[in-house]
Amino acid sequence: MGLLLLVLILTPSLAAYRHPDFPLLEKAQQLLQSTGSPYSTNCWLCTSSSTETPGTAYPASPREWTSIEAELHISYRWDPNLKGLMRPANSLLSTVKQDFPDIRQKPPIFGPIFTNINLMGIAPICVMAKRKNGTNVGTLPSTVCNVTFTVDSNQQTYQTYTHNQFRHQPRFPKPPNITFPQGTLLDKSSRFCQGRPSSCSTRNFWFRPADYNQCLQISNLSSTAEWVLLDQTRNSLFWENKTKGANQSQTPCVQVLAGMTIATSYLGISAVSEFFGTSLTPLFHFHISTCLKTQGAFYICGQSIHQCLPSNWTGTCTIGYVTPDIFIAPGNLSLPIPIYGNSPLPRVRRAIHFIPLLAGLGILAGTGTGIAGITKASLTYSQLSKEIANNIDTMAKALTTMQEQIDSLAAVVLQNRRGLDMLTAAQGGICLALDEKCCFWVNQSGKVQDNIRQLLNQASSLRERATQGWLNWEGTWKWFSWVLPLTGPLVSLLLLLLFGPCLLNLITQFVSSRLQAIKLQTNLSAGRHPRNIQESPF
């Protein structure tokens, strides 16, 4: 069960305080206040971080498909038929890698972040990849997709090198092919998507300039003033406002559609030279995976969301934003907050689902590396306990600061009281001058300090439990590492002490019987037979 986060939205004056640890608090209150919600102050905001808790996904708009940036990760494997040519092949590989300055050469960690997502609305664009032996990441139904691009990912593309072409840029001899439903592309071209992004290297194989009449309008996603264009050469999308100039926005280095299509195929490198012989020799294959670089955006594939798509992926995916299961409740309700343990937080009966929380929250922006099932449960719980202990420390420090401010205010009030008594000394003091009862404020800071001390002790206890819970196992394994080899001799010695006397008696009896048999056999062989005495008839 995931940990439930509960945040109390306080009064507007306190909630306006910007705290780096609570961006959700600030964003949620801004959204509630802008919509005129009665729950903009004094309420509970609850969310679940469990990967199995239903969440809500919102598809990205067509314009966001042109602005969300992706990145590529490259890995390679040697051809199994390559023998005795590793040295020149390594030289060629280092040359080819120099042509990929904008590609990360360390593969990411793959896997779904959430597995129970409900898509709200219709996705304007979906990408379908079909491959016989690919990695299935999930499939969206066709009813939730406005336009579906189908990628022909069963092709195997090769780049051939000769000796004098070792330093030429690698590129797909045939780019991944995309098919569309009939009537999707209109015969309306534009020069808006000409050129290349200035922030990217021009040596990458997919950054070839678009030819004329190859940047076509997508009918289902365009209007009279706003066009969504497809560059079929680079498999990139562009958004153009016909009422404005050409230089409207900077195109991302790697677009989402380009990354998704490139990740469905791999580039094979072959060579012909005096090193490899006159025939075509396959050397290695590049496997390219893609990830979303824009913070807060995810691939939505079926009911799963992913931060990265592996090479040779299959399924039907779109991009969008995700929020976990969120609900709000009035602040006068009593919500139990577990300090330590794995008991789930019960859902409040009067809770209201907080659906309008959109992409600006960025709740899941930091979960791209995270991935379920990588760490051990015991380590996770110990880290969780440490985090809770740290939160208690932070809360104790906040209470200490508030108490210091109250003490300072009380000192100022008492000082003013003494000053007024001095000014009204002739009338007997301020109380007699006002003809009112004289009241004094009893400072409760001692009780507050005791409570803070208890919180700090509880945090220390939690931290020790978390540390000992993990380190005890680690220490036990250290003892096992040298005690375990002594277990065999100790067990053997114990068995010998238990059954040794019995075995010794059995061996003694066996030896004695054998000696008696040998002695009898010796007597018989020496002719010492007993005489047969016949009885006399008389």
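Residue numbers in this text run from 1 along the chain shown.
Glycine too: its Cβ is placed from the backbone N, Cα and C atoms.
Swiss-Prot marks one residue of Asn220, Asn523 as N-linked glycosylation site, namely Asn220. In Swiss-Prot, the annotation region 'Fusion peptide' applies to 354-374, one of the ranges 354-374, 501-521. Swiss-Prot lists motif 'CX6CC' at one of the ranges 8-16, 431-439, 476-484, namely 431-439. In Swiss-Prot, the feature motif 'CXXC' is placed on 43-46, out of the ranges 43-46, 495-498.
Within the set of glycosylation sites Asn146, Asn177, Asn220, Asn241, Asn312, the entry lying nearest in space to Asn133 (N-linked glycosylation site) is Asn312 (CA atoms). In this structure, of the glycosylation sites Asn133, Asn146, Asn177, Asn241, Asn312, the smallest number of CB atoms within 10 A of the CB marks Asn133. Residue pair Asn146 (N-linked glycosylation site) / Asn312 (N-linked glycosylation site) shows a Cα separation of 24 Å. Within 10 Å of the Cβ of Asn220 (N-linked glycosylation site) there are 16 other Cβ atoms, across all protein chains. A Cα-Cα distance of 14 Å separates Asn312 (N-linked glycosylation site) from Asn177 (N-linked glycosylation site).
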